[in-house]
Amino acid sequence: MALICAITNEVPDVAVVSPHSGAVFEKRIIEKYITENGCDPINGKEMKIEELIEVKTPPIVKPKPPSATSIPATLKTMQDEWDALMLHSFTQRQQLQTTRQELSHALYQHDAACRVIARLNKEVAAAREALATLKPQAGIGASIASTTIPQPAIAAEAGGIATQPVEQTGMSTDVIQKLQDKATVLTQERKKRGRTVPEELVAQDQIKTFLTIASHPGLHSASIPGILALDINSADHSKILTGGNDKNATVFNKDTEQVVAILKGHTKKITNVIYHPDEDTVITGSPDTTIRVWNVPTSQTQLLLRCHDGTVTGLSLHPTGDYVLSTSSDKHWAFSDIRTGRLLTKVIDTAEVGLTTAQFHPDGLIFGTGTDDSQVKIWDLKEQSNVANFPGHTGPISAISFSENGYYLATAADDACVKLWDLRKLKNFKTIQLDDGYEVKDLCFDQSGTYLAIAGTDVRVYLCKQWQDLKIFNDHTALATGVRFGKHARYIASTSMDRTLKLYAVE
């Protein structure tokens, strides 16, 4: 009697018996079944491979299938195999076509989703801009009624714009004493620090490894591209202020990557910005001849100063935090009180040429101005007189910057070089010659006076005293217009006509 496998209904090569059902199985097949299911296939009881009982049977010689005993039968078998192969190939082609259609549909849905997201982002940006425009309008009544706005501003209110009186009130004895007291304190603090470099300052080897860690193109309008001015809040180095071609100033938090405020009010582009070091207040200047003092939390103008008859070309905040220096193409520099909105003094340039830039010396008793006729001039604020001139550049002066130690002045013009001046000896002791055609738009020493940054055709960082270049950044696609150091030079920020704010640091 032949044994038949209960699964295949064929004579098994190696027969085994299940102790649970008594059925006979082909050994290799039942072992696979138990491995996958763990039970007897006949009655479903739990069973292990070790429980199978092997049956000793004589070897079986399998006869050839009757169908393969002749040539015609063999040919038919091969024909059947070919037909089956063709049917399988046809099925595979159908499945491939279906998969292609599904993939095409998925790609179409992805493309449509991307378009919808882009449109929604554009709508959100437009809504934010509209909201920022509405906020100042909504608060204009409160601004007029507020007692925090100086009386001159309220008295001259016209059409929502506060115009300050242009009459000079003069440099009173109290103001001069206040300036002198602040200068004395700053000088003493500088002597205490001596020549030591802060331990927290980023080393020059790390500056060399700086990379672009962030690029923010959405701070200003894309329809009128270009960021023209830059400053960093020295008390909170996460807050960055920019002024743009779109007539707006933007306060941006680099840590949260959020726009804190959009300041709207100027009627022309904003070319100068200052972030007050002790308050959440910013100051902006524009070719519309006005200077505005803004309250950042409310995004509203606190004061509007009309000190000039021409384009405002330079702004610098006095170390007291109470006064602002401004220069203009009208050939005058002005010194104004940002608490009362009064113009203290306004002086015409000695050569009666347009002024292009301005910056206070760290002590606040002297300041520098640049002119259209290539001169850098040093002025005594108390005496309101020109005390020194630095000739040597060609073309209008584009940028000046005092070193924190008060000894050095860096200047640039349209002559592809940066000149370093010693204020003690009143002479040029170093000229950094740049590539032919190189444009310099901004200069900045870090807070320790260890590094000097140049913005223009590219962004460069130099080591002071040795005056060797440490790093060159070429990431902007247009002219760089501003550069500033973060606290202890842990990061560098730059702006450009490509409307991006870029941040550089160790990755």
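Here the Cβ of each residue, glycine as well, is placed from N, Cα and C on the backbone.
Taken from TrEMBL as is:
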- 1-72: domain 'U-box' (DOMAIN)
- 263-304: repeat 'WD' (REPEAT)
- 348-389: repeat 'WD' (REPEAT)
- 390-431: repeat 'WD' (REPEAT)
- 473-507: repeat 'WD' (REPEAT)
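Packing against the repeat 'WD' (473-507) from elsewhere in the chain are residues 198, 200-202, 206-207, 209-217, 219-220, 222, 225-232, 234, 237, 240, 242, 244, 252, 254, 439, 441-448, 450-451, 453-461: each is 6 or more residues past its ends and has a CB under 8 Å from a CB in it. Note on the repeat 'WD' (348-389): residues 171, 176, 179-180, 182-183, 186-187, 190, 310, 313-320, 325-333, 335, 395-406, 409, 411, 413, 421, 423, 426 of its chain, located 6 or more positions outside it, place their CB under 8 angstroms from a CB of the stretch.
Across the repeat 'WD' (390-431), the DSSP tally of helix, strand and coil residues reads 0 helix, 24 strand, 18 coil. DSSP places the residues of the repeat 'WD' (473-507) in helix, strand and coil in these numbers: 3 helix, 17 strand, 15 coil. Assigned with DSSP, the residues of the repeat 'WD' (263-304) fall into helix, strand and coil as follows: 0 helix, 21 strand, 21 coil. Sorting each residue of the repeat 'WD' (348-389) by its DSSP state yields 0 helix, 23 strand, 19 coil.
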